[in-house]
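Worksheet for the structure shown next.
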Amino acid sequence: ATLAGGCCPGASRNRFAYNEAGQVRIRAGLPIYECNSRCRCGAECPNRVVQRGIRYDLCIFRTGDGRGWGVRTLQRIRKNSFVMEYVGEIITSEEAERRGQVYDRQGATYLFDLDYVEDVYTVDAAHYGNISHFVNHS
């Protein structure tokens, strides 16, 4: 899909990152720019996927092997589909290093580096987050 009436094409070079089913269709590693309040399009615009939130039935469960909690889906998820946003507190990488040492002693960590361009910020989901907090990274 290319530019639809009223959508913001600038950063996306006139192409949407998603197909009609909401699946990512651009090369991995490229940033995704969604339509927003500056666009004339509405909430159902195909270039608004992440901002619609979780659309799948997900279940938090206790792992059977003692590794803690995890998340599983209760329905089929098609390849390249948005599942959830990793939500947390945005901190500097220096603060993440400090907190990481504390979390390591506690046996749990919820740090996710934001290193698209350079390693400057980290998301810490230890105290603020959503279901993504329970995704098992091991």
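Cβ atoms are placed via backbone N, Cα and C, with glycine included.
Feature list (source: TrEMBL):
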type	residues	note
BINDING	Cys7	Zn(2+) 1 binding site
BINDING	Cys8, Cys35, Cys39	Zn(2+) 2 binding site
BINDING	Cys35, Cys41, Cys45	Zn(2+) 3 binding site
DOMAIN	3-53	domain 'Pre-SET'
DOMAIN	56-138	domain 'SET'
Mean predicted confidence [pLDDT] for the domain 'SET' (56-138): 88
Binding-site residues listed as Cys35, Cys45, least Cβ neighbours within 10 Å: Cys45
Tally of DSSP helical, extended and coil residues in the domain 'SET' (56-138): 18 helix, 23 strand, 42 coil
Cys41 (Zn(2+) 3 binding site), number of other Cβ atoms within 10 Å: 16
Rounded to the nearest Å - Cα separation of Cys35 (Zn(2+) 2 binding site) and Cys45 (Zn(2+) 3 binding site): 8
Rounded to the nearest Å - Cα separation of Cys39 (Zn(2+) 2 binding site) and Cys45 (Zn(2+) 3 binding site): 10
